[in-house]
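Sharing the features that Swiss-Prot gives for it:
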REGION    232-296  region 'Disordered'
COMPBIAS  232-246  compositional bias 'Polar residues'
COMPBIAS  265-274  compositional bias 'Low complexity'
BINDING   HIS380, HIS420, GLU456  Zn(2+) 1 binding site
BINDING   GLU456, ASP490, HIS527, GLU572  Zn(2+) 2 binding site
BINDING   HIS493, ASP540, HIS542  Zn(2+) 3 binding site
BINDING   HIS493, ASP540, HIS542  Mn(2+) binding site
Amino acid sequence: MFFSFYHSSFSSLSSFFFSFFSLLLYMLVLLQIFPKNYYEAGTLSIRVIRKNTFNHSYNNIKNIHYIHCGYPNIFNNCRNYYMNNFYNNNLSAPFKNKNNYMHIFFKIVEGNKKKKREHPFFKYLFHMNMLEKSGDKKNTVISKITESCQYGDIRKYMNMKKESLEEGEKNKSGEEYNKHVEQNNIKDEKIHFKDGTFIKSKEEEIENEKGGTICLKKEIQKNVLEINNNTYNNDTKYLSNPKGVTNKSKQSKKEIEKKKKKKNNNNNNNNNNKIKSEKSANDTKNIPPIPKNTEDRWNDYNKIKEYAKISNVYLGAHISASGGVQNAPINSFNISGLAFALFLKNQRKWESAALTNENIKQFEENCKKYNFDKNFILPHGSYLINLANPDKEKRDKSYLSFLDDIKRCEQLNIKLYNFHPGSTVGQCTVDEGIKNVADCINKVHKETNNVIIVLENSAGQKNSVGSKFEHLRDIINLVHDKDRIGVCLDTCHTFAAGYNIKTFENFDNVMKQFDDIVNVKYLKAVHLNDSKSDIGSGLDRHENIGKGKLTMDTFKYIMKSKYFKNIPIILETPDITNDESIYKYEIQNLYKLYFEK
């Protein structure tokens, strides 16, 4: 009896010690595998499509990725478990009530809770890019990554997501799914990614949450697009940043409000840009492109030339000289321009490469090839030039650029050169600014031979010189060689400076005023622009013909008036077509105005 009792007690005791040491050993193993503080309370959200499309989610959505934190076996088990259960639609505890979810939530519990062993491998699931995001404290999950997780590796994956997945990565995932389809005899078409878009040969119809039907392909594409653009539903939870990375929830209210305001401003700007782009698309809808066929371009050019012979009005545009000044005549021919303006060098730099002999030779050849009269070529001066500046050092710098431009005109045998008189920069009177401009013109006349300097009237900006006809007159009066000075009237600038040119009668009165003050013999060119701003605004805002504050009578007057015959009339309107075809369209319509009664 005693032996039996002893045997029983010993057996129980040994069983107890065996269990105890086994449990202790097991715990030690666990502690080795899962370091201290490895678990934390929270929820990890992974974006999927719907119950009906679970079979496609892993490969199609491409936002579920696994980051190996140091334990390959657990990592692989985790991945396999997830893949198998997901594909077979046999989802256990964390996936209950899946019928109504667009998101599946993986539960991760604290290590000191009873259910600490519940799906430990989900610790290895990370949504790419989620580590960069954090919400308020309620939504913050997995607030720190332990030493066992290599933050650098995670960062690398995050950057992959941020930069968008490589095409090879997408195709690899597609192949993985296709392999799964074959192995499991799933009755479905294979899939692949192309240019970031999910492609499927058959567009299945599935029932959506509202009871309607939706195209599977479109549903998947929508989700892929949302993920690539980092846009998620409000119920999506985000992983917070690892230790050492700033948590948004800890930011001050001021910073949060500031960021919200900035975001709203960006949204407004995006909306404005969208409206502008839509408006631009509507504006350009009826504008024909420049013909690709050279013969067609010659036919269009010859028509315009006939109109010019009848009207004695020579229209053109400020065109691109990209690739060299020799390309300007070609570009002008393409838009059927009989006159043109160009920059002889970079208009926003003080120094530019000199013209080569080849540039000069080809420019001459192209002018002859396309029958350009050099009296109708009007180069535009650099925007940096300010001859009215009272600061001698700065004015001398402007003068050297001014002189360089005019010498380039002489190299190309061009007769006219147009520039803005400049600004007093608020440091001298307008009269002093006028004298500075005239002194520079007199000086450049002595250093060059025959180029006519053409003063462009300004729009009336603060401290500007040249917005009033009297300014132009006073500069001319101070210039010694009157044969080498002239004026270019810009219609937008004239209107913005306060001269009413909206009707035939008003424009005619303005031109009589110009003749009385300046003398019409000095009118050497016109810049033809509509105006975005109203009369007297002082704003230099060019607009396409018929789209601004001026009227078609303004432009009809230009076409018919005696004041604008046999001088270059240059369009400087916005190139809304981005290929200069707008200028051809405007030139053709302007000649039509001449023939209207």
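Cβ atoms are placed via backbone N, Cα and C, with glycine included.
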Near the Mn(2+) site, what residues other than HIS493, ASP540, HIS542 in the same chain have a C-beta no further than 8 Å from the centroid of the listed C-beta atoms?
ALA459, ASP490, CYS492, ALA496, HIS527, ASN529, SER531, LEU539, ARG541, GLU572
Can you give me the same-chain residues 6 or more apart in sequence from HIS527 (Zn(2+) 2 binding site) with a CB-CB distance under 8 Å?
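Listed in sequence order: GLU456, CYS488, LEU489, ASP490, THR491, CYS492, HIS493, ILE570, LEU571, GLU572.
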Pick from GLU456, ASP490, ASP540: which of these binding-site residues has the biggest number of other Cβ atoms within 10 Å of its Cβ?
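Output for this query is ASP490.
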Within 10 angstroms of the C-beta of GLU572 (Zn(2+) 2 binding site), what count of other C-beta atoms is obtained when all protein chains are considered?
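Around the Cβ of GLU572 (Zn(2+) 2 binding site), 17 other Cβ atoms lie within 10 Å.
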Under 8 Å between C-beta atoms and at least six apart in sequence, can you list the same-chain neighbours of HIS542 (Zn(2+) 3 binding site), or say none if there are none?
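Spatial neighbours, sequence-distant, of HIS542 (Zn(2+) 3 binding site): CYS492, ASN529, ASP530, SER531, LYS532, GLU572, THR573, PRO574.
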Tell me the Cα distance separating HIS380 (Zn(2+) 1 binding site) from ASP540 (Zn(2+) 3 binding site), rounded to the nearest angstrom.
16
Please identify, from the binding-site residues HIS380, HIS420, HIS493, the residue with the sparsest Cβ neighbourhood, meaning fewest other Cβ atoms within 10 angstroms.
HIS380
Does DSSP put GLU572 (Zn(2+) 2 binding site) in a helix, in a strand, or in coil?
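Looking at the DSSP assignment, GLU572 (Zn(2+) 2 binding site) belongs to neither helix nor strand, so coil.
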Which three-state DSSP class does HIS493 (Zn(2+) 3 binding site) fall into?
helix
